[in-house]
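One structure is given below, encoded as structure tokens.
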Amino acid sequence: MARVCASFMLLTLIFYVAMASDPSPLQDFCVADMNSQVLVNGFACKDPSLVQADDFYFDGLRTMGNTSNPVGSKVTRAFVQEFPGLNTLGISMARIDYVPGGVNPPHIHPRATEALTLLEGTLEVGFITSNPENRFITTVLHKGDVFVFPKGLVHFQRNIGKTNARVISSLNSQNPGIVTIANVTFGSKPDISMDVLAKAFQMNKDVIANLQSKF
């Protein structure tokens, strides 16, 4: 009997870990108090008696982002930092705009799976599976298509059309995090040792130095 109970508890734990994302809320809402000095995993709650409709409203995704940058795209976030009403609700969104040829460079979200809906344009999208397979899974999206990027895997988007493209991204975390591979590798503070990067990328140090200068 003890062995059966232990097996059941183990299966329950495995199921819980497999299903876990952001913690479930224990109340109707917990609008983030961005001025609180209390340190918690997330954000402290604003006094519920002071909560208004504006705390659950965000208009930041209305307009096109500024794509005048080296990658030709702009991510406009609606994460908990920009939209305090999302606190404890386990969801966030973003709008991404791309000029023709624009790229949302390879990156990961360490805390979220992402579902991307293409509203306008034509996008090449893809992600890479983990070691040792490193399989590249890619396709082309057209208006109205949806594509999912699994949590923690490197992924990207590229506008292969002749007009601007626009997507809405939904993520199952109030704060999914963004780790852009090039930025963290070549723009870390302080710099990663050139010896490490030269060996990792099989490049000479002059190339590494040039890449670091760009970030």
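Just so it is clear, glycine is given a Cβ too, placed from its N, Cα and C backbone atoms.
TrEMBL has this to say about the protein:
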BINDING   ASN104, HIS109, GLU114  oxalate binding site
BINDING   HIS107, HIS109, GLU114, HIS155  Mn(2+) binding site
DISULFID  CYS30-CYS45  disulfide bond
DOMAIN    59-209  domain 'Cupin type-1'
SIGNAL    1-20  signal peptide
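Locations of recorded TrEMBL features on the structure.
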residue: CYS30; record: disulfide bond; Cβ neighbours (10 Å): 21
residue: CYS45; record: disulfide bond; Cβ neighbours (10 Å): 19
residue: ASN104; record: oxalate binding site; Cβ neighbours (10 Å): 26
residue: HIS107; record: Mn(2+) binding site; Cβ neighbours (10 Å): 18
residue: HIS109; record: oxalate binding site; Cβ neighbours (10 Å): 23
residue: GLU114; record: oxalate binding site; Cβ neighbours (10 Å): 22
residue: HIS155; record: Mn(2+) binding site; Cβ neighbours (10 Å): 22
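The recorded positions near HIS155 (Mn(2+) binding site), taking a 10 angstroms Cα-Cα threshold over the set CYS30, CYS45, ASN104, HIS109, are ASN104, HIS109. In this structure the C-alpha atoms belonging to HIS107 (Mn(2+) binding site) and CYS45 (disulfide bond) are separated by 31 Å. Each residue contributes its Cα atom, and for HIS109 (oxalate binding site) and CYS45 (disulfide bond) these two points are 25 Å apart. Between the CA atoms of CYS45 (disulfide bond) and GLU114 (oxalate binding site) there is a gap of 26 Å, rounded to the nearest whole number. If you measure from the Cα atom of CYS30 (disulfide bond) to that of GLU114 (oxalate binding site), you get 23 Å. Highlighted in sequence order, ALA94, HIS107, ILE108, LEU116, PHE149, HIS155, SER169, LEU171, PRO176, ILE178 have their Cβ within 8 Å of the centre of the Cβ atoms of ASN104, HIS109, GLU114, the residues recorded for oxalate, and are not part of that set.
Regional average pLDDT for the domain 'Cupin type-1' (59-209) in the model is 97.
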